[in-house]
Each structure stands twice: as structure tokens, then as C-alpha cells.
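K.L.:
Have a look at the structure that comes next, please.
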């Protein structure tokens, strides 16, 4: 049976609507009928066919990894799921037999493959994933929010890596993940949450999500903002979401001694770092990849159930046939999360 899917068909800029064979389910898998998908920054990289994509993405391949859907098929070895369950899923498929997998640190599996990165993705009418990777969505969480659990998970994993209660938090990069991380920090009890960027549209989104200050670094000095807030000792926790070298070095300059930094943004491999700041301030830097399985997922659901409101971050909806408009909007930088409706 042929189904609709968005695929990377050619090694050049673009993504194409295609017909592909419906995926086949194994004994340990779930077959999911996709309801909504969201466009990730990774999908934009794949669309643009940048250096990372050229080195990573097999062509042709169905792309996409942010989704919510309904279980319509269950492998014979699977327990704990029923037809009709509403699910999203962990996009990192892990091996189960390396040291980290067996030690319960699944997110650090050295043999990880990615849905929509190096195996068939979710921008399709149907998706097959191992049942281990599926996460049931509580009834009170909307399809829209469930479809962005993957990037929300990046935000939660990054933000909750260190204690935030009563701390002053600096977030560099007001993309959707940075803004969600800021909202999480505020929700769990940080004191001042300051986010920096140069994109005024996204800084406005951050203001809607309740940050203490959203700072356009082209127009305002971080030091002046800290002074306005009565901060005398620098930031306690830094969340680097931009991959921008000047943003990271500004973070190092403005951290308190003993500060802690979570690093999610991917900088150029040859980024110059002022290591004196790291060494003499005794900074702790932690690299973040993906989500902790499945601690981050439980935290995500609980945060929303306890009143965290992410709805402002979802700014655009399109029918999947209008996917090109969705990608154009994401590439413009004048959007939060963009959702494609498959129903």
C-alpha cells in the first residue's frame, strides 16, 4: 500500500511530497498513524542541505521526527499498549546492549540512530518505531503540544540538568527550544531568567512566555541588564542554545564563579573559547544531546500538567499539502513552532 510522505529525494536544497510503501512492523514495534508533525531546526538543515546534512542524511529518505499519532498496529511481543493509544516517541533508537544502555543511561548509547535522520522518519501517514520508544500522551495534553515533545524534551533536559531554584539563569539563543527552556526555568523557580538573541520576533515570543528580560544584544549590553536587575555576582546557570561563538563567550564572561553551563547549541568545531574563564571561575560545562529516556519525558508531561503553558510557542499551522509554506516560515526565522496537520 502506498502512503504520502515528505522525503529528501535529491542531494540539493528542498524536500518533496512523495508516495512510499507503508512501513512494515516487526514483533517489537508499534505502527502509528500520524496526526500532527512539527518542523524541527534539524529538518530545516536537511531542507537547506548544509554541510552537516550532506555528511549525515541518506538520500532518498522520509524525514521528520516531531509527531503525535495513534497506535493502529501492535507487534506480537509488545505489552503495555493498546490500539487507539495516543503516542509521541523518542526519536533516538538505541541498541540496548552497549554499556550505557545496560546501565540505564540510554540517551548516551554510542550506537544511536535517529528517526528521520538515518532511518525512516515521521513526516508520513504512518510510522513504525520500537514500542520501547513510544510515550503515551496523557489525556489533558493537546495534540499540538504532544507533537512538539521532542524539542520540548531538549529544553527540559538542558534546563533541568542543574538545580534552578532561586538561581539566576542566562539563556543564549531564543529559538523555540531556548524559549521553552526559559519557560521551564521560570516555572520551576529560577529567580531571574534572561534570554539573549538578535531576532526581535523571537525575543517577543520569549516575553510572552514570561522571561524576566529578553535582550537584543545588538541594542543592549548584558552587563547593563544585570545591573538593572540588581545582580552583583553573575549568572549561576547558563543554557547555551545558539551554537554562536560570541554568545557562548559572552556567557562565559557573565557567569558567576562556580557556575554551571548546559551546552545544547552546536558551535563550529573550531570555535575559540576563553578557557581562562572556565578554569579560573571553576565552571562546569555539560554537553546535552537528546532527552533522558524516559525521565525527561515524564518531566515534560508533569510540567504541563502542573500548569506550564507552552501554547505561545506554537505560532503556525498548515495542512501537510502546504508543507512548503511551513518550511518557508521556519526558514524565515519569523515563527515559533510550525505544525503540519496530516488528518
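Including glycine, each Cβ sits where the backbone N, Cα and C put it.
Annotations for this protein, taken from Swiss-Prot, read as follows:
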ACT_SITE  42  active site, charge relay system
ACT_SITE  45  active site, charge relay system
BINDING   40, 65, 66  Zn(2+) 1 binding site
BINDING   95, 98, 101, 109  Zn(2+) 2 binding site
BINDING   177, 197, 202, 264, 265, 266, 288, 289  NAD(+) binding site
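Neighbours and distances for these, please.
P.N.:
All protein chains considered, the CB of residue 42 (active site, charge relay system) has 22 other CB atoms within 10 Å.
Mapped onto three states, the DSSP output places residue 45 (active site, charge relay system) in helix.
In the three-state DSSP classification, residue 40 (Zn(2+) 1 binding site) falls within coil.
The Cβ of residue 95 (Zn(2+) 2 binding site) has 14 other Cβ atoms within 10 Å, all protein chains considered.
Proximity of residue 265 (NAD(+) binding site) to non-local residues of its own chain (separation of 6 or more, Cβ distance below 8 Å) is seen for 172, 173, 240, 241, 242, 243, 244, 247, 248, given in sequence order. Under the DSSP three-state reduction, residue 265 (NAD(+) binding site) is assigned to coil, being neither helix nor strand.
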K.L.:
Tell me, how many other CB atoms lie within 10 A of the CB of residue 65 (Zn(2+) 1 binding site), whichever protein chain they belong to?
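P.N.:
A count of 25.
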K.L.:
Taking 264, 288 as the binding-site residues to compare, which has the smallest set of other Cβ atoms within 10 Å?
P.N.:
288
K.L.:
Per residue, counting other C-beta atoms within 10 angstroms of the C-beta, which of the binding-site residues 66, 197 reaches the highest number?
P.N.:
66
K.L.:
Ranking the binding-site residues 40, 177 by other Cβ atoms within 10 Å, which is at the bottom?
P.N.:
40
K.L.:
Distance check, please: Cα of residue 65 (Zn(2+) 1 binding site) against Cα of residue 288 (NAD(+) binding site), rounded to an integer number of angstrom.
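P.N.:
Cα of residue 65 (Zn(2+) 1 binding site) to Cα of residue 288 (NAD(+) binding site) measures 18 Å after rounding.
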